[in-house]
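A.B. asks: Structure incoming, see below.
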Amino acid sequence: MPFMSNTICQGDILSLHSATLEHWQKQEQTATMQTSLPPQAFRRCGANMTLAKQTLELWRGTMKEVGGKFGTGVLSYFKFLKWLLMFNIFSFLVNFGFITIPQLIYHPTPDIPAGVSFKGLEILTGAGYFSHTVMYYGGYSNKTQGTGGRSEYNMQLAYFFTVAAYMVLCGAALIYRSVWDGTRTRQSPDKASGSLLEEAATLLLPFVVSLINLVVPLFYSLFKKIEHYSNPRMQVYAIIVRNVILKMSILGILCSYWMKDVANTFSCWESIVGQALYRLVIMDFLFIMLGSFFGEFLSNVIGTKCIQSLGVPEFDVARNVLDLIYAQTLAWIGIYFSPLLPVIQIIKFFILFYLKKVSLTQNCQPPRRAGRAAQMQTIFIAILFFPSFLGALSMVAYTVWTLPPSDKCGPFRGLNTTFSAIQIWMDDLNRVDAFQWTVWIYQHVIRSEIFYFLVSLIILVFIYIFRQITQGRQLLITLLRQQIVNVSSGELSGPTCLVHQSWCVRSGCVYVMMLLKCRSNIFS
């Protein structure tokens, strides 16, 4: 009889499995007929396009290599770098397409003063020859282009709306991503450049700032030798908070200096601020390379040759990600003062990706403990949003709404504030009957505090909804894992098993072992 029971059970199991598959196959065929999906040829075409897209995806093979050897924690750094690279590529395309190209079409030759030539040092300082080009705010005209019989193009509105649209889209992307998973120079650019020594002296301030950003985080990392936390993640969070406070404090002091002293001293102060940010970006890149040398290469040499008890170092994901957040903050602040600064950032991130990849494979070992990559990535996105993005947005907004533009350069010269260009545009539209609705929206909606309150409220509601969906998915994953444990221990009942069996078949993952175990429990 036991032998007969086992035989009957196996037959019932196979019949149940076949019936279940046939049931869902019929449902899938019915759904296919009801939704009128394209023919099989179009399906194959779509699959081939998806495969081609994956093949052409940037750094796909390298990402797989890093993730397979060093885990998802280290891989999160390279994904984060790639994501920021996409930000800067988008920024460059938008700025170049709506600001730089119109300027070059109507004024293809920059106004370079006599005696000013390219000397090579400009690559580091951003001053000299670059000061008179479209690299900075001062290289753009304030006139409506194309008045000589060609199509008109308002440079003031193009400059304002391009910067505004980019910042809004970046904020929306950060909110979405965070829910689902941050030497004073007296030279004026309208004068001839000084000596090479004077240009080189402008590198002193960014050198000091970058040196502080390199040395102090390394000093913070020594605290883990004397600090003892019950949870290792708390130690990582403490390091992150210290580094964020350090970097944002430095940027806060620099922004205060630029908005108060530089804005009241130089005749084309926007370009001066753009040059300062350019130098900070370049110097930060050089010091990141030094950080890879001292923090990873020398640590590897010391741990393998001199003090072998130290061993091969691990890749410091938190410190390297914070360096990326700091670099992106500089790019966001500079979007108004240097529209082509994203070009430098793109080159920087490309080189940095391969530099870190080589340093990782040659100098580092896989982490001893697997970290929660998804949770850490959520924290990094949150830091990128606040205080990084919101701080940069505050700087740009304060410049646009409060500070008077330069009188001798830039697209907003002669205006009280940058935002005055919008008021002038509205006054022009008010004279045309067809655009009265636009003026009404501006006066009663855009300039109303209630509008921004409602927008903030809507954003908070969406954040809450997406957060609830995310928590629900996490709970579902936890329940499914628990059910798998129950199945392996024989504690899953028949009806519950059938429910999860249906869910698994529907999602395309038929667990035969689950069916076998469940059916055995039912017959027993």
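Every residue gets a Cβ built from N, Cα and C, even glycine.
For 83-105, 157-179, 200-223, 235-255, 276-295, 330-355, 376-401, 450-466, the entry in TrEMBL reads transmembrane segment. Among the features that TrEMBL reports, domain 'TMC' is placed at 268-374.
Describe the structural context of each listed feature in the structure shown, including burial, neighbouring residues and relevant distances.
C.D. replies: Residues 134, 139-141, 145, 153, 155, 158-159, 161-162, 165-166, 169-170, 173, 177, 324, 327-328, 331, 335, 339-340, 342-343, 345-346, 349-350, 353 of the same chain sit 6 or more residues outside the transmembrane segment (83-105) yet have a Cβ under 8 Å from a Cβ within it.
Across the domain 'TMC' (268-374), the model assigns an average pLDDT of 87.
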A.B. asks: Would you call the transmembrane segment (276-295) and the transmembrane segment (376-401) in contact, using three or more Cβ pairs under 8 Å, pairs 6 or more apart in sequence?
C.D. replies: no
A.B. asks: Take the transmembrane segment (376-401) and find every residue of the same chain, 6 or more past its ends, with a Cβ under 8 Å from one of its Cβ atoms.
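C.D. replies: Counting only partners 6 or more residues beyond its ends, the transmembrane segment (376-401) has Cβ contacts under 8 Å with 73, 76, 79-80, 160, 163, 167, 170-171, 174-175, 177-178, 181-182, 236-237, 240, 244, 248, 251-252, 255, 259, 317-318, 321-322, 325-326, 328-329, 332-333, 335-336, 417-419.
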A.B. asks: Do any residues of this chain, six or more beyond the ends of the transmembrane segment (200-223), have a C-beta under 8 angstroms from a C-beta of it, and if so which?
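C.D. replies: Those are 121, 124-125, 127, 183-185, 187, 238-239, 242-243, 246-247, 250, 254, 275-276, 279-280, 282-284, 286-287, 290-291, 294-295, 316, 319, 322-323, 326, in sequence order.
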